[in-house]
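Participant: Got a structure for you, written out below as structure tokens; questions coming shortly.
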Amino acid sequence: MAKGQIVSKVLAVFAIVVVAGILGSIIALTTSYVEERKNHPLTTLPPPITTPSPDAPCFNPWDESRLPDSLIPSGYSVTLWPSLKPNDEDMFTFKGNSTVVFKCEKKTDLIVIHSRLLNLTTKGKHLADVRDVSSSKSVDIQYSCLDTSNEFLVVQLRSNLTEGKTYEMITDFTGELSDDLVGFYRSEYMEGGDKKLVATTQMQPTYARTVFPCFDEPAMKAHFNITLIHDPNLVALSNSPVIDSVNRTFGKAEWGITTFHPTPDMSTYLLAFIVCDFKNIHALNRNVSIRIWARPEAIAEQQGDYALNITGPILQYFEDYYSIPYPLAKSDQIALPDFSAGAMENWGLVTYRETALLYNPNISSTSNKEWVATVIAHELAHQWFGNLVTVRWWNDLWLNEGFATYVSYLGADHAEPSWNIKDLIVLHHYQKVFAVDALNSSHPLSLDEEEISTPLQIGNLFDSITYSKGAAVLRMLSGFLTENLFVGGLKTYLEQYKYNTTVYQDLWDHLQQTVNKQDNITLPDSVENIMNRWVLQMGFPVVTINTTTGTLTQKHFLLDPSAEVTRSSQFNYTWFVPVSWMKSGILQTDFWLLNTSETNTTVKSNSTDWVLANINCTGYYRVNYDTENWNRLLQQLQDNFTVRYIPTTLALHTTKYLSKDKEYMPWESAIDNLGYFSLMFDRTEVNGPMQTYLRKQVTPLFDYFENITANWTEVPSGHTDQYNQVTAIEVACENGLKKCQELASRLYREWMDNPSVNPIHPNLKTTIYCNAIAAGGVEEWDFAWERFQNASITTEADKLRYGLSCSKHIWILNRYLKYTLDPEKIRKMDSIPTINYISRNVVGQSLVWDFIRAYSTTICSGSSPMDSLLEGVTQRFSTELELKQLQQFRPSNDITEDCLSTRTLSQAIERTQLNIKWINENKDPVFNWFTSNSL
Ligand SMILES: *[C@@H]1O[C@H](CO)[C@@H](O)[C@H](O)[C@H]1NC(C)=O
Ligand SMILES: *[C@@H]1O[C@H](CO)[C@@H](O)[C@H](O)[C@H]1NC(C)=O
Ligand SMILES: *[C@@H]1O[C@H](CO)[C@@H](O)[C@H](O)[C@H]1NC(C)=O
Ligand SMILES: *[C@@H]1O[C@H](CO)[C@@H](O)[C@H](O)[C@H]1NC(C)=O
Ligand SMILES: *[C@@H]1O[C@H](CO)[C@@H](O)[C@H](O)[C@H]1NC(C)=O
Ligand SMILES: *[C@@H]1O[C@H](CO)[C@@H](O)[C@H](O)[C@H]1NC(C)=O
Ligand SMILES: [Zn+2]
């Protein structure tokens, strides 16, 4: 899941970033252990502790974040009993017990297993019981304790375990069913005036250990026999199908006991347990039972139908793509009212935010639908790549997430062939990640295993480099190998490592073997040597093609070219660059640029032929040309609109041709680039001429859509035409086109006058709500707020929640900001995105900055770290004062690394410095350019 700033564009596509893990919700580690350690030098043995409590000092001879390799689990039997009624202390809890069976691989007298935030309640004087499985005899324990700093339960034995023998450890425990959206947590929703509760889980990356003691590392695969105890009127779900569900009376109450089939060997982070009163719709696909679960009301309103319709085709697509049948007997997908990420690929029980699974054709927009299709495809892709074959450690997360992100476009394209969705990967992923990867404070895709060991370090990996750059370099690899060959290597890789774990080099090996079997492909070097340069170096090259001399050069692209690169690279920041290209519209033979400078006379061009390289942005790099070629390309754009490749570097010049253009890709691409201009200048005098210019450019597009949609009463039929209609309104209204603002206010007023009939087409709601609220006052705002609170469809609630951030009134925005801290008003999962929406608003951004500083303690105590908030609020930062405040942010607010990663902070500081520099250099020319071009 990429973190990311929230942009208003096509809300559902851009607003919630592609997410399949969690937004790195890391809870503060206690520091008390460090203090205690000083009093316990490792050389002296501690006295046996007989009545351990979680706060007692704990002598752990194994002082590391990673588990020792002496014990390897083979299976667990876990019973969990969540209580959806608060107990005496007003707390929601769960009870449980677990038996883990493990083999002793190396003689040891120490059991170290993950456990965090659990109260261990095992009878007897120790926190666990250990037994020899073959003899059923107990193993004597010297002492047991909790190493809270490393999140371990430590059991020191009185004798060594025997190598090769199998043991089991039994624990009883209780835990809190919190509302923190991680571990075993509760989610709430209203139905028929009643508050309903759901117990559900989010284990990735390191929360399984908060649900039961376990060897919580991805390589420690084992089978799980799960039992859930629950209100007999509720359903219980887990990764596997149900064996049976019986009712028993304990005490006075009757309980349902649901037992599940053993899972295949799998990683702990893919487990899921849910107790809820949801309903499902189902279908059978090649003998696999597919079910879509959601709130009863949502199912009754058929909001799950679309997901059910496309799941079968997408599963079939991946079965054929990977040449391996779906590995499980069932596939459940469930939409949860509270969910921190976008979705989570738990094996056989995928969890989603409602907006990522549910779709209502009458209320949701086209982009909502596209979001559902791509997220489902992403999660289902993981059922093989990630779940069946798992990367051994989190440092290779990029392979897992980059791959799923890449193939999610293939899967969604299969389900919706008319959408041409494969092109959109460039818009959704490349521009954003280029902006991060062009910073000196970026990082390589792959980090050493040793660099990633704590939960905090693991959580920080869920960023746009991992997701978007990961997808981009794999797409490039598939591009130069051909998709056919890529899939060939992939199949043998999956076949060899199923139910097991790998490192990314294993995939390169399989691709290499496939390449070696082919005669018709020549690579300049091995797959591994080519890919190492993309995977082990941060950043990307800009390739400059001089069509006059025929020279090609490559250079590490940095937003600040004068900066010293602080991170060294064994490859000196040169890449092996695959170059696809065309000359005057005719595709030419691909070639490789292997050195910093090379001559290739074929790229020489005469006075009329233009050269264009990196067709479809298959390569993860940027291209620059000599001025003559740029001019020929621009001429081409002006003359002939069917050649469709816009060089993004010519941001301003390319926008001159937009007024003739009606297509989405060039518009969206240009608007993305212009977004930066608008962030930098919307608080300056450049804003006037910039708006005048954009108004002029967008008017023909606005008129065009007004015309073909019978005055906005219909929508165009094409998928991307529908998006561009939204873009037309967005750009027109934002830049003050009067008839656009009138349109927004008129439609919204009609709705206020008759709230039971919303006259606004679903596709247009996001932008119409926003612009009507921006133009309106408290009456418009309060109306939307009331609709928001009563919205039963989450996509609708999300659009309103965004629209509410568009007000131009400071006091209204301030009030709204306060609401984000109240979970009764704004769900926890929506709190940070909402604050980010407000900071996108030029009126709101300084309010948000003050707010973050004033409430940093509250924000840091929540389960979400401040990273995405800081990324959002600093987008516009471009003054010396802002830079100074940012540099003082951590010390003057006591913000810990747990709440805000140093990497995010240094990226924000670097970006601010670059913005200041960029404005200094460009403000005058940009002002002049807009002034002279807005006539
Ligand atoms: C899980 O159940 C299977 C099938 O009943 C059984 O063979 C296995 O031993 C069980 N595993 C554990 C850890 O109890
Ligand atoms: C786990 O708890 C359940 C419910 O209380 C109980 O039936 C079961 O025997 C327990 N298992 C163990 C191994 O203690
Ligand atoms: C286990 O074996 C190691 C190495 O042989 C030894 O140092 C240690 O004292 C043994 N532990 C116990 C509890 O006997
Ligand atoms: C765990 O134990 C602590 C200290 O005794 C107590 O405050 C807390 O409520 C317990 N939590 C649960 C979930 O039982
Ligand atoms: C268990 O109890 C529930 C609620 O009373 C009932 O609907 C269900 O049919 C019962 N299940 C069994 C297996 O008896
Ligand atoms: C699901 O498929 C059915 C049958 O093809 C179709 O009638 C229905 O409109 C589809 N629903 C959605 C929401 O796409
Ligand atoms: Zn994913």
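Including glycine, each Cβ sits where the backbone N, Cα and C put it.
Per TrEMBL, the features are:
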type	residues	note
TRANSMEM	12-34	transmembrane segment
DOMAIN	73-270	domain 'Aminopeptidase N-like N-terminal'
DOMAIN	306-534	domain 'Peptidase M1 membrane alanine aminopeptidase'
BINDING	HIS378, HIS382, GLU401	Zn(2+) binding site
ACT_SITE	GLU379	active site, proton acceptor
SITE	TYR467	site 'Transition state stabilizer'
DOMAIN	610-913	domain 'ERAP1-like C-terminal'
Participant: So which of GLU379, GLU401, TYR467, listed as recorded positions, have a Cβ under 6 Å from an atom of ligand 7?
Facilitator: GLU401
Participant: Please report the Cα separation of HIS378 (Zn(2+) binding site) and TYR467 (site 'Transition state stabilizer') in Å, rounded to an integer.
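Facilitator: The Cα atom of HIS378 (Zn(2+) binding site) is 11 Å away from the Cα atom of TYR467 (site 'Transition state stabilizer').
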Participant: When you measure from the Cβ of TYR467 (site 'Transition state stabilizer'), how many other Cβ atoms are you left with inside 10 Å?
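Facilitator: I count 31 other Cβ atoms within 10 Å of it.
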Participant: If one measures from the C-alpha of TYR467 (site 'Transition state stabilizer') to the C-alpha of GLU401 (Zn(2+) binding site), what distance in angstrom results, rounded to a whole number?
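Facilitator: If we compare the Cα positions of TYR467 (site 'Transition state stabilizer') and GLU401 (Zn(2+) binding site), the gap is 5 Å.
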Participant: Based on DSSP, name the secondary structure state of TYR467 (site 'Transition state stabilizer'): helix, strand or coil.
Facilitator: helix
Participant: Based on a Cβ-to-ligand 2 distance below 6 Å, what subset of the recorded positions HIS378, GLU379, GLU401, TYR467 would you report?
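Facilitator: Checked recorded positions vs ligand 2; nothing flagged, none.
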Participant: Test of understanding: give the count of other CB atoms lying within 10 angstroms of the CB of HIS378 (Zn(2+) binding site).
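Facilitator: Summing over all protein chains shown, HIS378 (Zn(2+) binding site) has 31 other Cβ atoms within 10 Å.
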Participant: Summarise the model confidence on the domain 'ERAP1-like C-terminal' (610-913) as a single mean pLDDT, whole number.
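Facilitator: Mean model confidence (pLDDT) across the domain 'ERAP1-like C-terminal' (610-913) is 88.
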Participant: Provide, as an integer number of angstrom, the distance between the C-alpha atoms of the residue listed as 'active site, proton acceptor' and GLU401 (Zn(2+) binding site).
Facilitator: 10
Participant: DSSP three-state call for GLU401 (Zn(2+) binding site): helix, strand or coil?
Facilitator: helix
